[in-house]
Amino acid sequence: MRASGLRRLPLLVLVLLAVAAAAAGSGEHDFRRDFEVVWGEGNARFRDGGRQVELSLDTRTGARLQSKQRYLFGRFDIDIKLVPGESAGTITSFYICTGGARHDEVDFEFLGNTSGDPYLLHTNIFSDGKGEREQQFVLWFDPTESFHTYSILWNPHNIILYIDGVPIRVFRNNAARGVPFPAAQPVHVFASIWDAEDWATQGGRVKTDWAKAPFVVAYRRYNVSNACVWDEEHGRARCPAATAGGGRGRRRREAAWMAQKMDWWSWMTLSWVRMNYMVYDYCDDQRRFPDGSPPECVIPIGRA
């Protein structure tokens, strides 16, 4: 869909962003060490010494991983290769979530489709228990042919979602204007595949074809080296810090990601994604919000 829009960004730029994203996700990781299988244990297969995991959905169950540690702010990167071929009715996800009635959550959810049709990327952001902030996209590549890097940057200023280093969504901290922003509750990181045939594909009109099961998704290159680990014993976050100076004059300073915001080029790239690949934005849905858009929608998106 709108594939010609891809030509509007230089190919070299996309290649450079993808290379940078791959480098960012190259930290040491071990899914077997860093995650628990909290659902569908028999449908999680660890490969390459724990550096890759495959989650499957069959007629019995799907599978879900949950990080053993919790985090308060961070950049979370993971490579995903989605279910190939027929995937209608399935949802593959990568998300962070606090749990609880007033939970905070940031979602990447990939809605499966019939063979030959594109995946739909469904994103949502919950703050203080309130969601309904859906934005949906088609992708400018086939996410089943190879791995791509999906990232969530969460700091006190904003939440930014990336694909291969390309920003696709931003949610700014507008708490001062009455819009709750996740800033106090630590999150777990999750990865899962599950059956949602009642709504996932064409609003539930296309059901899961169980003759094509099992449906298998692969994850690799999980990286949380730029994230603040929640200290369960002392109830506070421990954040990685950069250093400045040399020798005895070295001093700790706040890591760059903790202060990262959208720069000019990021806003231009985000605009390109919105124009060419966004297919739904809750802010524009007058049937859902006949009395006016939610408050964050009327605040200029680029406003500090």
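Every residue, even glycine, has its Cβ placed from backbone N, Cα and C.
Positions annotated as signal peptide by TrEMBL: 1-24. TrEMBL lists 4-219 with the feature domain 'GH16'. Taken from TrEMBL, the feature active site, nucleophile covers Glu105. According to TrEMBL, the feature active site, proton donor maps to Glu109. What TrEMBL records for Asn113 is N-linked glycosylation site.
Applying an 8 A CB threshold to same-chain residues 6+ apart, the list for Glu105 (active site, nucleophile) reads Tyr95, Ile96, Cys97, Thr98, Asn124, Ile125, Phe126, Gly131, Val187. The Cβ of the residue listed as 'active site, proton donor' lies under 8 Å from the Cβ of Ile91, Thr92, Ser93, Tyr95, Leu121, His122, Thr123, Asn124, each on the same chain and at least six residues away in sequence.
Proximity of the residue listed as 'N-linked glycosylation site' to non-local residues of its own chain (separation of 6 or more, Cβ distance below 8 Å) is seen for Ser87, Ala88, Tyr119, Leu120, Thr201, Val206, given in sequence order.
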